[in-house]
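As written in Swiss-Prot, here are the features:
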type	residues	note
BINDING	30-33, Lys51, 87-91, Gly415, 478-480, Asp494	ATP binding site
Amino acid sequence: MAARIIKFDQEGRNAILKGVNTLADAVKVTLGPKGRNVVIEKAFGSPLITKDGVTVAKEIELEDKFENMGAQLVKEVASKTSDVAGDGTTTATVLAQAIYRQGSKLVAAGHNPMEIKRGIDKAVETIVAELKSISKPIKDHKEIAQVGTISANNDKTIGDIIAQAMEKVGKEGVITVEEAKAMETSLETVEGMQFDRGYLSPYFVTDPERMEASLENAMILIHDKKISNMKDLLPVLEQTAKSGRPLLIIAEDIEGEALATLVVNKLRGVLNICAVKAPGFGDRRKAMLEDIAILTGGQVISEEIGNKLENTTMDMLGRAKRITVDKDNTTIIDGDGKEADIQGRVKQIRAQIEETTSDYDREKLQERLAKLVGGVAVIKVGAATETEMKEKKARVEDALHATRAAVDEGIVPGGGVAYLRALASLDALSLPTEQQFGVNVIKRSLEEPIRQIAQNAGVDGSIVVDKVKNSKDAFGYNAAEDEYVDMLAAGIIDPTKVSRSALQNAASVAGLMLTTEAMIADKPKEEAPMPAMPGGMGGMGGMM
């Protein structure tokens, strides 16, 4: 085992503090409407320009191993806040730095770090409760647009597009962000349920100009196995032909004579039919087929539950007002499923989302939920250059997360004002003297976000803090316009979830760092010098 270096007490805490300061100082320049950009070198391609705190934090790795530990712990604060609330990463970093800096001074002066941590925890609990009590539910399109605008660094276009997307697909809908091929940022919405499987043969197309198969008032056969034998399909095809309605077949695959017969019948005009592969794989495929069946009021024809393809009757088929199939996607609009069944399925998926520990599974479950209840919106981000595109796309994603957080838990006045208003709740706390020092750490640290916003705008932070502290309600400093306004009326708002998560995560990690008494790291290896080049071979003197 390699030799280790150990640092104790104040020496260790000072190393952590140096690392925390290095990372936080790089991140906090991005805070607020007048925050600056950070340019990050990339191994390939052009440098990355960003104003996103977590992106800056993730790029920082320090040479000194002990300082790097401090930096990595604060990086964890930014990442966790980003995961939970999707925004507020810079605020969380600023708070973590302030709490640790204030706390480490007290520990150096001989105070008990464990008691300080207890005081910090109790103060944070009180502040979080106060933030929830001053939080206001988000009501309309305008407020959603304001949250999006603030989080996208005051880009009103992005705020408006996100508000439109939320309005169209609802709270549960899926909103994805993609790079556009044009210069403008635009919004596309998909009604109904869409899945990424297109027609199995171009001969199924009904609109050659758009290369689409369009089925009006259609029946849907949903089967979980391959169909290659035509005789299994014949009974259901005969019944559909008699009804004169179009038919969509969704199966694991359709091949051989079955596919050939369907194409021939389509070309002869006997049947208006289209066949697509089932979406997803494995267990997820079964679940998605069941979703389609519930949405359209049909059944999955599966031998597992005793349904054979040759015994399928018309009442087992799903129904939909309109189905559109192109080479890549199938969209089912206005399915005939019972509302009670759909709501039951939605409840079941929500329960699975609560239980799952995998981010990937959660994302896939949310997609399924959106397809059942709302729909899907795609924001296509346009820009003049690739560098601008990446930066803008990151801002849109941040704004989208912040907007969802605002819909979840409501909004509080922005610009660091909510923290100052919540400070009064700490006066009611009656704690032992040592723990009271921890409360004082939080009192001082909660001034830091507004102080930093003012400093980034080129104004004296202390004057701004004092003026806002001595006023009431939502009165605060609008750094974008350099004026004091009612933050709620001016649309400068933060999602409560973001403010809450930033403080909780910052205090959690700062508390751990304060109670650190020893640090262990690998001893740097001394690189052996390169061996000298060997001499020339004998008899080579005459060579040129």
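Just so you know, glycine gets a Cβ as well, placed from its N, Cα and C.
Quantities reported herein were computed from a predicted structural model and do not represent experimental measurements.
In three-state terms derived from DSSP, Gly32 (ATP binding site) belongs to neither a helical nor a strand segment and is classed as coil.
In three-state terms derived from DSSP, Gly88 (ATP binding site) belongs to neither a helical nor a strand segment and is classed as coil. According to DSSP, Asp494 (ATP binding site) sits within a strand segment.
Look at the binding-site residues Thr30, Thr90 and count other Cβ atoms within 10 Å of each Cβ; Thr30 has the fewest.
For Lys51 (ATP binding site), the same-chain residues lying six or more positions away in sequence with a CB closer than 8 A to its CB are Thr30, Gly35, Arg36, Asn37, Val38, Asn153, Glu391, Arg395.
Minimal Cβ crowding within 10 Å, among the binding-site residues Gly32, Gly88, is found at Gly32. In this view, Gly415 (ATP binding site) is surrounded by 28 other Cβ atoms within 10 Å of its Cβ, with every protein chain counted. Counting Cβ atoms from all protein chains shown, Ala479 (ATP binding site) has 25 others lying within 10 Å of its own Cβ.
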